[in-house]
Amino acid sequence: MTCSTSLSGKNRIVLIAGILMIATTLRVTFTGAAPLLDTIRSAYSLTTAQTGLLTTLPLLAFALISPLAAPVARRFGMERSLFAALLLICAGIAIRSLPSPYLLFGGTAVIGGGIALGNVLLPGLIKRDFPHSVARLTGAYSLTMGAAAALGSAMVVPLALNGFGWQGALLMLMCFPLLALFLWLPQWRSQQHANLSTSRALHTRGIWRSPLAWQVTLFLGINSLVYYVIIGWLPAILISHGYSEAQAGSLHGLLQLATAAPGLLIPLFLHHVKDQRGIAAFVALMCAVGAVGLCFMPAHAITWTLLFGFGSGATMILGLTFIGLRASSAHQAAALSGMAQSVGYLLAACGPPLMGKIHDANGNWSVPLMGVAILSLLMAIFGLCAGRDKEIR
């Protein structure tokens, strides 16, 4: 199974369905707890810092576990590694739902480990089985992840309020990994490519010394940083400019929808171009303009939120597509994915608290927002480098 043409029509559909369901699981189990954080904090009398750790802990798990995903896939194969990732997520959901604050944090960390494996391995799997459809399938699963984020946020509060409680609502999220496991069973049974030749395995270990790999990594990594800064602080930024909590919440939801929209458009564009430098720089600059607009013209926050959200979502899709396009093999793609996501999520975990401290020191959001704009300009430069039509050797 080295390319999409070697898959029968039925097997191809089942594989794509499995990929999209795994993508749904990776996002919905991460974002689903966010609307219940205040309820969880009250239930366990957590401090604000402890509550914030529930959001940061998965990001730290992503950063720590991501580099291990490619070696695991070389040892056990991508199919079985993804199956194990889904089992970890199921176990984490069960542990997180038990009545103990310690198990709440422990389960959250386990979920983060499972998500990290899945995040890293999906681009490699797409590179291996759909080498001529990397952009389209990456766009499809990115769009699926965006929709899943909205679904997770929308479903847990009604469940919690209608007899399930917050623990039951979080436990109900197990439906997603269980369905993904069911759809992934055929891939477990047809397990292939469990091992990689020694020379190619050694080749993937040198990924950290490749300038092109670092350009892809920093393009994705800076986007993760600026996205998590804005997604974390946008309501506070808007409220400081006179918006109501309801208005700020609506714009926060609009931001998440805007990040999903490029999944429909970017793959169509990428299908016709081999050199992605122009589009990579353009979407990164959209993020910069959005941040500057929020800083100096907050009255037009809808425009700036849409602009930033579309730019960041498009950057993520481009970055994930670069992983497949710039890697010369499926396992090198997994290694590059692990590198990019490890660095990216480490930056993402540090960004929101750092920008929060800068805000506290200055008393306003101007410096953090201009920091996001400058970082976005730097991201555009790395996009110009990563968008060249060449592979890592």
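Glycine is treated like the rest: Cβ placed from N, Cα and C.
Annotated topological domain 'Cytoplasmic' per Swiss-Prot: 1-12 (among others), in sequence order.
Here Swiss-Prot flags 13-33 (among others) as transmembrane segment.
Swiss-Prot lists 34-52 (among others) with the feature topological domain 'Periplasmic'. Mean pLDDT, taken over the topological domain 'Periplasmic' (34-52), works out to 81 on the 0 to 100 scale.
Per Swiss-Prot, transmembrane segment is recorded for 53-73 (among others), and the stated evidence type is sequence analysis. Same-chain residues lying 6 or more positions outside the transmembrane segment (53-73) and placing a CB less than 8 Å from one of its CB atoms are 30, 33-34, 37, 40, 81, 84, 104-105, 108-109, 111-113, 115-117, 119-121, 124, 204, 228, 232, 331, 334-335, 337-339, 341-343, 345-346, 348-349, 352-353.
Taken from Swiss-Prot, the feature topological domain 'Cytoplasmic' applies to 74-80 (among others), supported by a curator's inference.
Through the fold, the transmembrane segment (81-101) approaches residues 22, 25-26, 29, 33, 44, 46, 69, 72-73, 107-115, 117-118, 121-122, 125, 167-168, 170-171, 173-174, 177-178, 180-181, 184, 187-188 of its own chain, all at least 6 residues removed from its boundaries and within a Cβ separation under 8 Å. Under the heading transmembrane segment, Swiss-Prot lists 81-101 (among others), citing sequence analysis as support.
If you look up Swiss-Prot, you'll see 102-122 (among others) marked as transmembrane segment, on the strength of sequence analysis.
Annotation source Swiss-Prot lists topological domain 'Cytoplasmic' at 123-140 (among others), citing a curator's inference.
Sequence-distant contacts of the transmembrane segment (141-161) (same chain, six or more residues past either end, CB-CB distance under 8 Å): 19-20, 23-36, 39, 122, 126, 168-170, 172-173, 176, 253, 256-257, 259-264, 313, 316-317, 320. Per Swiss-Prot, the feature transmembrane segment maps to 141-161 (among others).
Within the chain carrying the transmembrane segment (164-184), a Cβ under 8 angstroms from the stretch's Cβ atoms is held by residues 14, 17-18, 21-22, 24-25, 28-29, 32-33, 36, 39-40, 43, 79, 82-83, 86-87, 89-90, 93-94, 96-99, 148, 152, 155-157, all 6 or more beyond its ends. Feature annotation from Swiss-Prot assigns transmembrane segment to 164-184 (among others).
If you look up Swiss-Prot, you'll see 185-218 (among others) marked as topological domain 'Cytoplasmic', on the strength of a curator's inference.
The feature transmembrane segment is assigned by Swiss-Prot to 219-239 (among others). Beyond the transmembrane segment (219-239), the same-chain residues lying 6 or more positions past its ends with a Cβ under 8 Å from any Cβ of the stretch are 55, 59, 245, 247-249, 251-252, 255-256, 259, 280, 284, 287, 291, 294, 298, 301, 305, 308, 312, 315-316, 318-320, 322, 340-341, 343-352, 355-356, 359, 365, 368-369, 372, 375-376, 378-379, 382-383, 385-386.
Annotation source Swiss-Prot lists topological domain 'Periplasmic' at 240-249 (among others), citing a curator's inference.
Feature annotation from Swiss-Prot assigns transmembrane segment to 250-270 (among others); the stated evidence is sequence analysis.
Summarising the annotation, Swiss-Prot assigns topological domain 'Cytoplasmic' to 271-278 (among others). Helix, strand and coil residue tallies for the topological domain 'Cytoplasmic' (271-278), in that order: 2 helix, 0 strand, 6 coil [DSSP].
Nonlocal intrachain contacts for the transmembrane segment (279-299), taken as residues 6+ away from its ends with a CB within less than 8 angstroms of a stretch CB, comprise 219, 223, 226, 230, 237-238, 241, 262, 266, 269-270, 273, 305, 307-312, 314-315, 318, 365-366, 369-370, 372-374, 376-377, 379-381, 383-384, 386-387. Look at Swiss-Prot and you will find 279-299 (among others) tagged as transmembrane segment, backed by sequence analysis.
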Most Cβ pairs under 8 Å with the transmembrane segment (367-387), selected from 13-33, 250-270, 305-325, 335-355: 305-325
For the topological domain 'Periplasmic' (300-304), distant same-chain residues with Cβ under 8 A (at least six beyond the ends): 238, 241, 243, 251, 254, 289-291, 293-294
Contact set, same chain, for the transmembrane segment (335-355): CB under 8 Å, 6 or more residues outside the stretch: 52, 56, 59-60, 62-64, 66-70, 116, 119-124, 204-205, 207-208, 213, 216-218, 220-229, 232-233, 319-320, 323, 326-327, 368, 371-372, 392
Tally of residues which DSSP labels helix, strand or coil - the topological domain 'Cytoplasmic' (74-80): 6 helix, 0 strand, 1 coil
